[in-house]
Structure formats: structure tokens, C-alpha cells
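Everything on this sheet refers to the single structure shown next.
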Amino acid sequence: MAVGLGIMQGGSSLWYFQGVGKPVRGVAVEAFGQLTALGLIMMFVVDGHGLLLALFFQLIGFAIVCGLGGCMMFAQVGFRAPTMRSLVTSLRDTFPLFFSRASVVIFSTASVFLMSVLAKPQDAAVYGASDRVIGAFTAFLSPLASIMLSKLVGETSRDRLRGLNLSIIMISTVAFVYSMITVFLLFFSHTLMSFLFGAQFKEGGDVLNVLALTLPIIAANTVMGAQVLVSLRMDKYIAITLSGAAVVSLVSTFLIVPNYAGIGMASSRIITEIFIFLCYSFLILRARKAPG
């Protein structure tokens, strides 16, 4: 079922609607499918024993996204069977883009596996629960990013400097909004963890406090990487940066987690996100100073 979820995620038509300048339509389809899945989960899943049912409802949500989005896409462009030559050409030309997207999950996934080895099971569980809370907030960045990207690509293609100045405004605005969310989490982290996962996870509030500090940085990195650098056709540099982040994450996890468990893992996440932020900032400033 998890494999099916992965395939469905890759089958979204969101990128098509971004490419034709209609990102809101793609986001609407994504939101409809996900909200449908969320509604089903809230109605029928009452405890941890309903995990498989929850995954099945998620699968339904993604199926709606793929089915409805696919129908809308093919209604506009029609369906043509690709040739082997066109498939090979597409894979070759889009590999840097694919690799930059795949690199996003490399450092976080590798670090989680390393933590499971270095920390106690209960510490890993507490960190995982805290990370789910952060993930719920960062999930809003995906549809927001889809709308932003089309705007940035248009501005950058017409006037490079104006597009970069607009990107700085977007980065600052998104980071500010997520800073407010961070303040909220810092005040209510223990209560939130206890409410969502039970009293036994209340201690996870300390881990959530540290993870909350990453929210403004993650938000800024998402805009800088997935929007600004993509609009500048710098996918290769995104992949290089995130590959370096994987190394930073693994090293910091190995050094910190054995002594500080979940808080150490959260601290490693902060270090990694700061590394990405500094690299992206350097690339954007260099592009801003470049002629043309």
C-alpha cells in the first residue's frame, strides 16, 4: 500500500498545470483529493489499529488527484502514445530536475535510519511524533509553492533582477508567517503533543520546541530552492547543495544523537537547514549580481 501511495504521488498532474500557467487549477485538484482523504480518516479511523484503513483512505485521495487531474489534462492536450526515443530523450533532459527533487529526501531519510540505530526506540518514537507535527505545517508549502513558481518564472524570464527582487519579498513574507507559527508551537508544544498523541508523548514537547525553530528556515529554503533556483534553471546546484546537506545531517546526527536523543536529532535538523539556507542564499546573491 505504501508503494501504491508513492506511485500515486508521482502521478499527479500538478506539474503540467504549473507548466501551462494554471497552477491554481492543479492545486485545487490536489487539495480536493487530500481533503477527501482527511475527511474519511477523521470519520472512520479512531485509533492506531486503523492504520491500514488510514493508508487506504490516503490511497483513495491520491487516486482522486491522479484520476481527476489526468482527465483535465488529457481533455486539453489529448493522449498520444510516446515513442521509445521520446521517452529516452525526456529522461535524459529532465534527469537533473528529477535528481534535485530526489535529493530533498536523501538527508532526512538517511538521518532517521541512523537515529533508529543510535537512539532508544522510545526516543525515536517521540522524535517521529514531533516531526509529524512539523510536517503538518510544512505541507502547506507545497500548494503555495506551485502558485509562486509560475509567478517567479514569468517575472524572471521578463526581467531577471525584478524576478529576484520579488523572490526576496516572497522569502521574507513566508519566513515571517512561519515565525509566527513557531511562536505558537513554543508556547503550546507540550499541550499539543499530549492532545495529539497521548500523555505518554507529552515529553516530546521539548523536541517539538527545537524542531519548531526550523520552520522559518524550512519555509525560506522551500521558496529559495523549489521556486527561485528552479526558475533560474539551477537544478544542478540544488542537487549538489542537498547532497552536501545529506553529509552534514549524517555527521551531525552521528555526533549529537547518542548523547541527546530526540533533541539531538532536532538540533541536527537545524544545523542541516542552516547549511541549506546559506548555500541557497549564496547562489541567489551570485545570480543577482551576475550581468543579464
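For all residues, glycine too, the Cβ spot is worked out from N, Cα and C.
The feature transmembrane segment is assigned by TrEMBL to 27-46 (among others).
Among the features that TrEMBL reports, transmembrane segment is placed at 52-77 (among others).
If you look up TrEMBL, you'll see 98-118 (among others) marked as transmembrane segment.
What TrEMBL records for 133-154 (among others) is transmembrane segment.
Here TrEMBL flags 166-188 (among others) as transmembrane segment.
Per TrEMBL, the feature transmembrane segment maps to 208-230 (among others). For the transmembrane segment (208-230), the residues of the chain that approach it from at least six positions outside its boundaries are 97, 100, 130-131, 133-134, 137-138, 141, 145, 148-149, 152-153, 164, 167, 170-171, 174-179, 181-182, 185-186, 189, 192-193, 237-238, 241-242, 263, 266-267, 269-270, 273-274, 276-277, 280-281, 283-284, judged by C-beta separation under 8 angstroms.
Residues or ranges marked as transmembrane segment in TrEMBL: 237-257 (among others).
Among residues of the same chain six or more beyond the transmembrane segment (263-285), those with a C-beta under 8 A of the stretch's C-beta atoms are 107-108, 111, 115, 119, 127, 130, 164, 167-168, 206-207, 210-211, 213-214, 217-218, 220-221, 224-225, 228-229, 234, 237, 241-242, 244-245, 248-249, 252-253, 256-257. Under the heading transmembrane segment, TrEMBL lists 263-285 (among others).
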